[in-house]
Amino acid sequence: MEQTQTAEGTDLLIGDEKTNDLPFVQLFLEEIGCTQYLDSFIQCNLVTEEEIKYLDKDILIALGVNKIGDRLKILRKSKSFQRDKRIEQVNRLKNLMEKVSSLSTATLSMNSELIPEKHCVIFILNDGSAKKVNVNGCFNADSIKKRLIRRLPHELLATNSNGEVTKMVQDYDVFVLDYTKNVLHLLYDVELVTICHANDRVEKNRLIFVSKDQTPSDKAISTSKKLYLRTLSALSQVGPSSSNLLAQNKGISHNNAEGKLRIDNTEKDRIRQIFNQRPPSEFISTNLAGYFPHTDMKRLQKTMRESFRHSARLSIAQRRPLSAESNNIGDILLKHSNAVDMALLQGLDQTRLSSKLDTTKIPKLAHKRPEDNDAISNQLELLSVDSGEEEDHDFFGEDSDIVSLPTKIATPKNWLKGACIGSGSFGSVYLGMNAHTGELMAVKQVEIKNNNIGVPTDNNKQANSDENNEQEEQQEKIEDVGAVSHPKTNQNIHRKMVDALQHEMNLLKELHHENIVTYYGASQEGGNLNIFLEYVPGGSVSSMLNNYGPFEESLITNFTRQILIGVAYLHKKNIIHRDIKGANILIDIKGCVKITDFGISKKLSPLNKKQNKRASLQGSVFWMSPEVVKQTATTAKADIWSTGCVVIEMFTGKHPFPDFSQMQAIFKIGTNTTPEIPSWATSEGKNFLRKAFELDYQYRPSALELLQHPWLDAHII
């Protein structure tokens, strides 16, 4: 029974458990000294709290309350009941949200009704029904979608342009309702995979699955809201006894759940990151003006046209298929045009089509007659400013001061500078595009303050090799390890940054592997040193952990396998990376691992191996191996220890030794303390980490040996 403390100290019964209505109005009037109006209130049947709290001036005048002072006292007291009710409702809502925000991972697993099994995801269909799908062993979006498509009822399958049912994964989309922004969010592949394999993402029990030509129906949205409210209801029953796991749900109101939803589309004039990750090339190709805001439109159009023609010529000459993962703008435009042609060809009369085309194959643009390709090129010609435009060398100028590094891959002679996609102490990283081929790139750019600093070429490379080795050894002694490094001047810092970039160039141009970021070349231009690297859509392991939290173990094994394959390739080339960590492991939107940042990497010579020379204290402290901290040896086994630390990162969402400072971590590692192995890892996972954290580097397994570990065996259903 609820009570309200009066000014005189008397408690009034205002709850629903009142046994008599008259005492309430009587006590109400006695409290404010207006009992002379009691008979009037009773005659008008204004005797309960619900009736009294809606009193106003006109009603009081009709009741005969003519004194202004009495009316004010009655109105103030009656309005306080409404205020108390609102405060009570707000307090209840606050208590609910506090319970939600205080939940931990353990509390989520308590509610088996929401996610019955560990590896299960609930997909909502457009008829309002829901399907539970086991995604264990599915490491990409295609495999997840295929499992669901096999179980779809016939009436919910997508149809192609001919009205035929299709089960191709590219014909289906996945949405999720974002109640913090009150929008429908279309998931990209990397988002779908991450949500499905995350333990703490409550969205995994209400993903909406529709065909590409549809948007989520009212029935699907209604089912999603019911599951969402059921989730909140279940979470509210758990006491505030654990950590702040679901703080992102704070601030969600009832109005958000009931308001009108909009689809979260990208705006044409706004550069968008996908969950704080680099956007895919397909998206950039549809918004070039947005991603290259300071580039002349004529130059952009010319590049698009030349890239398209270049891709079309290569397709015909080499009969090469169009790669779905290409970062080349011409390939993307060609693929889009090809899709349109396929749709048009399928719409032709079948009898007419059979007399001209092989009915067993749908011809692709790459295999069409030359005149067909010319026709499409002419269509793209409409994008150009003038069909009689000057040649590339005239357009970009003949007196360019770019000096290119000779590499196995042609260095871009002309390139378009796009939006900034990252920055650091060395400078900035920009989105770039080869002006001739249309290839998208990530361009590391650092200002060269000293005019004597130049890009090394093959002409002076051999002559300066001994000097460079000596400089490298001097640089190793004062390399950055957090608080350990104390450079004397800003000029020394800048010089070291440039040296690190030049060192990175020399190593990268020898590397050509799927799991290593591709190096396109370097140039010195306008006082800047540019390094042209492969553009990797997506983000690093570190950024994904920050956005999504720890990974599922099946996803960790998939990424670890690829990291070790890349590390094994480096070691075969006698290169030690020396800075393997989550921030230097990129994951593209297809789930492919790319190792990057070779600024402090080292190429071992046979002399290095024989002498087993004293190691320098280089790298990132929390990922350092004991022999590096003790400076006892320089071996490839340091990368194995660091890879184990990355596995710890993916398991926990934090670096090893998260409770220690850098100096404390150096002391711990130096006294043979290994990182704590997650207790929730499988027995094989724990065994893998124990081998990676072998204190004696001579007994620590190599990358090739670890690749044969049972933990990395793929168990794909």
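Backbone N, Cα and C define each Cβ position, glycine as well.
As given in Swiss-Prot:
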- 20-84: domain 'SAM' (DOMAIN)
- Ser323: phosphoserine (MOD_RES)
- 415-712: domain 'Protein kinase' (DOMAIN)
- 452-481: region 'Disordered' (REGION)
- 452-466: compositional bias 'Polar residues' (COMPBIAS)
- Ser465: phosphoserine (MOD_RES)
- Asp579: active site, proton acceptor (ACT_SITE)
Secondary structure tally of the domain 'SAM' (20-84) (DSSP, helix then strand then coil): 47 helix, 0 strand, 18 coil
Within the domain 'Protein kinase' (415-712), what mean pLDDT does the predicted structure show? 79
State the count of C-beta atoms found within 10 angstroms of the C-beta of Asp579 (active site, proton acceptor), not counting that atom itself. 22
